[in-house]
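> Quick one: structure below, then a few questions.
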Amino acid sequence: MSKTHLTEQKFSDFALHPKVVEALEKKGFHNCTPIQALALPLTLAGRDVAGQAQTGTGKTMAFLTSTFHYLLSHPAIADRKVNQPRALIMAPTRELAVQIHADAEPLAEATGLKLGLAYGGDGYDKQLKVLESGVDILIGTTGRLIDYAKQNHINLGAIQVVVLDEADRMYDLGFIKDIRWLFRRMPPANQRLNMLFSATLSYRVRELAFEQMNNAEYIEVEPEQKTGHRIKEELFYPSNEEKMRLLQTLIEEEWPDRAIIFANTKHRCEEIWGHLAADGHRVGLLTGDVAQKKRLRILDEFTRGDLDILVATDVAARGLHIPAVTHVFNYDLPDDCEDYVHRIGRTGRAGASGHSISLACEEYALNLPAIETYIGHSIPVSKYNPDALMTDLPKPLRLTRPRTGNGPRRTGTPRNRRRSG
């Protein structure tokens, strides 16, 4: 398989339902990515799939295309009731569920299949109103799905297609019992099409596939390299005292069009936000306690380009489909080596190049050996001149409600470069 972003395989080459092909081509999707080219022949033949591919390689469109085709090509279960969806797509986070729903809308519009969305933290009655009118494809997080199921707002007895997206993250967040609860209320595995996708598929995820799927075919793209080959990786060793100034200096000299900065704690994210906002950057903050409506607004502003920088905990590392992220900064090296892969996977997506810069400080440098062992290579080290770090920095802002703040639009040119030669 070629390592280019797209293969020579076209969606129109497959025996897909004409309405699905029409919807894909209307959105500009003509050629398959490698994971799509591997998955579609299997799902079109009714085979279950457990797929591993790096983020940004088209996993979402692979399972959406398969789901819509299957439902259009197979009749609904006899005597199906209005509260019985035909397909269930489970995601680990609210943001990912919302994005999958958005990606599915063009296909729903073209095919007439109805979508439903179920996630916690917001919109209970609004979501329920849609479900009560009847949906074909239900996309959601496990907690809200179980809530609706226990109250009989939904019944899973007519499910024909099941998708688990970011399955390893489901384990990380402790949702495996919820997943099994939902599976027990569906028809047997051999009476439905089952798909599981993730950037990493650990032994425990393969065990789940064996348990809940029907002889799933395991497929993977570029297994020998866990980090995208279009992502330039770079590592610095700052002292704790120089770490913030190094970050701000790097931002000034890189001048990223769109960057995500990851830190390991909510407090650290707020600290970074305060420094960057005070320095005039258009920066948003995304941590676990930000209200759902505000989270979606921040992501929308970042996607539109109204924000240049997003500071986030790992709540934003998995599954977010934000286009054209040019830089990822690991202000803290993550404690979980898999999170390193998912963090830097926010850049270098859809065939574009990207740049990942990590700071191995005194506190988190101990995480580096496990990360490099996991990704299978050493991260190239760059040096900096401590005397050239920025010093003309304003006092950081203190976070007050609302939790996001936009500095003025960045104008002019970056400050002079400050790296050592």
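Note that Cβ sites are derived from N, Cα and C of the backbone, with glycine treated the same way.
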> State the residue range annotated as motif 'Q motif' by Swiss-Prot; the candidates are 9-37, 38-66, 270-298.
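In Swiss-Prot, residues 9-37 carry the label motif 'Q motif'.
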> Among 93-96, 165-168, 241-244, indicate the range for which Swiss-Prot gives the feature motif 'DEAD box'.
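It is 165-168 that Swiss-Prot describes as motif 'DEAD box'.
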> Which residues, given as numbers and ranges, are at least 6 beyond the ends of the motif 'Q motif' (9-37) yet have a Cβ under 8 Å from it?
1-3, 44, 51, 53, 57-59, 61-62, 65, 68-69, 72-73, 106-107, 109-111, 197, 219, 221-222
> List, by number or range, the same-chain residues at least 6 past the motif 'DEAD box' (165-168) whose CB is under 8 A from its CB atoms?
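Apart from its flanks, the motif 'DEAD box' (165-168) reaches 59-60, 63, 89-93, 96, 100, 196-202, 205, 208-209, 318-319, 338.
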> Pop the mean pLDDT for the motif 'Q motif' (9-37) in here, whole number is fine.
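For the motif 'Q motif' (9-37), the model's average pLDDT rounds to 93.
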> With H, G and I counted as helix, E and B as strand and the rest as coil, say where DSSP puts T57 (ATP binding site).
coil
> How many of the residues that make up the motif 'DEAD box' (165-168) does DSSP mark as helix, as strand and as coil?
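When I sort the residues of the motif 'DEAD box' (165-168) into the three classes, I find 2 helix, 1 strand, 1 coil.
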> Might you list, by sequence position, any residue in that chain lying six or more from G58 (ATP binding site) with a Cβ less than 8 Å away from its Cβ?
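The answer is C32, T33, I35, Q36.
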